[in-house]
Amino acid sequence: MEDEAVLDRGASFLKHVCDEEEVEGHHTIYIGVHVPKSYRRRRRHKRKTGHREKKEKERISENYSDKSDVENADESSSSILKPLISPAAERIRFILGEEDDSPAPPQLFTELDELLAVDGQEMEWKETARWIKFEEKVEQGGERWSKPHVATLSLHSLFELRTCMEKGSIMLDREASSLPQLVEMIVDHQIETGLLKPDLKDKVTYTLLRKHRHQTKKSNLRSLADIGKTVSSASRMFTNPDNGSPAMTHRNLTSSSLNDISDKPEKDQLKNKFMKKLPRDAEASNVLVGEVDFLDSPFIAFVRLQQAVMLGALTEVPVPTRFLFILLGPKGKAKSYHEIGRAIATLMSDEVFHDIAYKAKDRQDLIAGIDEFLDEVIVLPPGEWDPAIRIEPPKSLPSSDKRKNMYSGGENVQMNGDTPPDGGHGGGGHADCEELQRTGRFCGGLIKDIKRKAPFFASDFYDALNIQALSAILFIYLATVTNAITFGGLLGDATDNMQGVLESFLGTAVSGAIFCLFAGQPLTILSSTGPVLVFERLLFNFSKDHNFDYLEFRLWIGLWSAFLCLILVATDASFLVQYFTRFTEEGFSSLISFIFIYDAFKKMIKLADYYPINSNFKVGYNTQFSCVCMPPDPVNISVSNDTTLAPEDLPTISSSNMYHNATFDWAFLTTKECLKYGGKLVGNNCGFVPDITLMSFILFLGTYTSSMALKKFKTSPYFPTTARKLISDFAIILPILIFCVIDALVGVDTPKLIVPSEFKPTSPNRGWFVAPFGGNPWWVYLAAAIPALLVTILIFMDQQITAVIVNRKEHKLKKGAGYHLDLFWVAILMVVCSFMALPWYVAATVISIAHIDSLKMETETSAPGEQPKFLGVREQRVTGTLVFILTGLSVFMAPILKFIPMPVLYGVFLYMGVASLNGVQFMDRLKLLLMPLKHQPDFIYLRHVPLRRVHLFTFLQVLCLALLWILKSTVAAIIFPVMILALVAVRKGMDYLFSQHDLSFLDDVIPEKDKKKKEDEKKKKKKKGSVDSDNDDSDCPYSEKVPSIKIPMDIMEQQPFLSDSKPSDRERSPTFLERHTSC
């Protein structure tokens, strides 16, 4: 039974019954078993139910997803509602469900050519529309392509197309090497089947081989001799009854119209820039429709070639043709033919019918594909919509995977937006990933991480050979340098320069480069963090108060903390990461983002305070404002007597001033020189420098807004796609360079980046190596384990939460994560930094997210009107490694870096903080608080969770975030990592406040809870006794013995049951269509 195909018992509703030869080679399909949760067409017979029946329905719906049909059940159970599947859907499931190892069908380019008169004389095939995803029409008067738009079809044209496919010639998997050979094959087949009279063969062949005029070809100039030859040949063929024998006619045909036909593409085709929109393996589908005066009935053919073939100038672009649809009909129905051509072209651009067209084995398969399309089509009332209005392509296309899975036997399919994103949960979801499975062996997780990442080590270097990597290096380098200088300066203040800017540069370079070279996730960027800075300040003050050697005490804390981290690595403790749900991730990442935004504005306010603006200045009273440099005593000092001023330090004095002033006046000195030589500034305008603050804010806001605008420039309508992509990739570097140039041109003395120019420790009281013994009592070495425990929690939480955010499913990383390997290298680097008295480093959330954003990849070729699809992230080790190497070399680049204004870098900080909040569900829910109900976006969780529950969840998240912010700003900030760990406990407590249904859309379901839920369901099944003992212990879905209910989806009248005495609707439909078709 397992090796044979199961025949469809509902096949009596089909006109065509599959025989044994037809089903041979198909895999086994159990009709009614493993039915997905929902289909689009589901009819229910409603009636009033009693209390007992309601309970029964509730019990059935509770286990609905685990049940399946059994065919030999009693009819007493027929009231149980099951998904209804039409015969067309059954046939499509049979087609698409085949286990085929062949590659996926290629992208199709569909072109619609119509037979039209050129200059009112000669008939030619003229391109009028084309499709990849959306329709583009040739504008009648403008000689240009229209904007891509959604193809709107008349329902009547689809019915006409269906009848055409029923009556016309269907030729599948034919061999042809040229267009004349293909045309001759089609015409001969029509004659053999009695659809075409033999005496019309030459006329049809001549018509099908007419020249093709494409939109790219602006003119089709030919000599008068050629025109005359063509016209005379046509007149002889169509008007002279004694045209000779068929052989002579064929020779005339060949000489007159086939000489210009070539199998090779023309120059215009090769130069067509539209090829950039198509993938390399694309194939063509040509649709030829037109009206002629020598046919009494339509000439219809649908051809699929065994191998795609280049057919010369048949197609606008030089791609091989796989499909050909021909419709020639009598005069007077040109519009109808045009609409049928648009219908088949639109069907070929539909992803489901596209696959069916490639896999169809006969006519009935193609008709079933049309029926499926009709089942899914949406009809608009004629009085409420103007078909002439072109519908803009949507920003995000609905995935066709659900439709395909529904027919290919996919499970757990939910239609109409019922499925939560990312694997059924509301968030990124990482509970089931292989990297977080506990092995139970010593260093088992670490070994698996190494084995997982080792095969990709070589590709991690050559995958970086792209211009995008250069942009990412420059962007992250500037962010890292700014971060190193900022934290280095704060560490110097907190530790009395025992750790300063130079130590920050060196530590960042060494730790970051080693981590990016050997860690499990090289996209993660290491940096100093706020909690580490707080700990360093408290530790220094504690050592100073108790007369401990600070660096030695810090060394032992680092060693103990590294030892504890290695224990966590050896015991696979990283599996606890699966309890970091979206609630914890978003709380942590949002807090860090807000810190970046807050610090950027805080530094600008501090700058404005240092260079204040004179708010009392008035233009009309500018004579009352002055600032004069006065000497230290009231006696003026003669220039000749002043021997302390160097010649280059003297102010510039004009000859007239020298003439009138025999002695030198201190008023000519600059502010800096006045203070340098002991003078004092006197006046009510001293200290006010309005230009610096104003210019700094221009640079700050200009850098931020320009970066945001250029990052979105990729989707703008300006410039070609390549230029837009290049500008978007360098969206951060370009504003930095532009505003550095503006700052230099304006000449205002804004504060600049200060980089150490000498390679030596910041403090003369320390060296580059810390001795482990001799500075503190022996018991301090053991007591250091207590603060080390706190540092371990800090390192583990910071590192792993950032790793979870980096490895989210929505980033589509293909090379896997390495949580254990990452923590291992963080521990090793902590030992190195402790011995060298360098700052400790851990994963930086915001910079890591910025690193990923700068390396995102999108489809290079996208159909007109289609938004580029996100493919993933360029996973490699080169960008991070070079960033940290450049950071170490920054000491030698001080002469160049000193020209970068600090406000520009603060603008980069603001951009990173805001950009990392994009796409965070927490921010979307915050915006909902300010939106009226009618203006709220159509988020998936708003469809399934009451709004008050959404606001309650948001309120709890805001409350936790506020508490973390307050804690961070106080002396108790040292327990900050413990409070982040408390977020997991808060999220666990939400299970008692929210249902699992609500949490599955608003957050991730905690794995343990999910397992418990499944166990409870199994216990319920055992108690009810509805499952055999064999099924209780198996993993197979629970099934009830109920009959399959199969009602055709294309019926015109809904009936509860179908009897054999009445003809099926599929048999009646051709009669109905014959009265309403042009075919």
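Placed from the backbone N, Cα and C atoms, the Cβ positions cover glycine too.
According to Swiss-Prot, the feature topological domain 'Cytoplasmic' maps to 1-466 (among others), an assignment based on similarity to another entry.
Residues annotated as region 'Required for interaction with AHCYL1' in Swiss-Prot, with similarity to another entry given as evidence: 1-62. In the predicted model, residues of the region 'Required for interaction with AHCYL1' (1-62) average a pLDDT of 41.
Look at Swiss-Prot and you will find TYR30 tagged as phosphotyrosine.
Annotation comment: Swiss-Prot describes THR49 (among others) as phosphothreonine.
According to Swiss-Prot, the feature compositional bias 'Basic and acidic residues' maps to 53-70 (among others).
According to Swiss-Prot, the feature phosphoserine maps to SER65 (among others).
The phosphoserine annotation in Swiss-Prot covers SER68 (among others).
Per Swiss-Prot, phosphoserine is recorded for SER223 (among others), and the stated evidence type is similarity to another entry.
Swiss-Prot lists SER232 (among others) with the feature phosphoserine, giving similarity to another entry as the kind of evidence.
What Swiss-Prot records for SER233 (among others) is phosphoserine, and it gives similarity to another entry as the kind of evidence.
The phosphothreonine annotation in Swiss-Prot covers THR249 (among others) and is backed by similarity to another entry.
According to Swiss-Prot, the feature compositional bias 'Polar residues' maps to 251-260.
Residues or ranges marked as phosphothreonine by Swiss-Prot on the basis of similarity to another entry: THR254 (among others).
Residues or ranges marked as phosphoserine by Swiss-Prot: SER256 (among others).
According to Swiss-Prot, the feature phosphoserine maps to SER257 (among others), an assignment based on similarity to another entry.
The topological domain 'Extracellular' annotation in Swiss-Prot covers 492-501 (among others). With a threshold of 8 Å between CB atoms, the same-chain residues lying at least 6 positions outside the topological domain 'Extracellular' (492-501) that come near it are 484-485, 533, 536-537, 540, 550-551, 755-756, 761-763, 765-766, 837-839.
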Cβ-Cβ under 8 Å with the topological domain 'Cytoplasmic' (711-725): same-chain residues at least 6 beyond its ends: 276, 731-732, 867-868, 915
Secondary structure composition of the topological domain 'Extracellular' (746-779) [DSSP: H/G/I, E/B, coil]: 3 helix, 1 strand, 30 coil
Cβ-Cβ under 8 Å with the topological domain 'Cytoplasmic' (856-877): same-chain residues at least 6 beyond its ends: 132-134, 136, 147-149, 276-279, 392-393, 395-397, 456, 459-461, 463-464, 466, 468-469, 516-517, 522-523, 714-715, 811-815
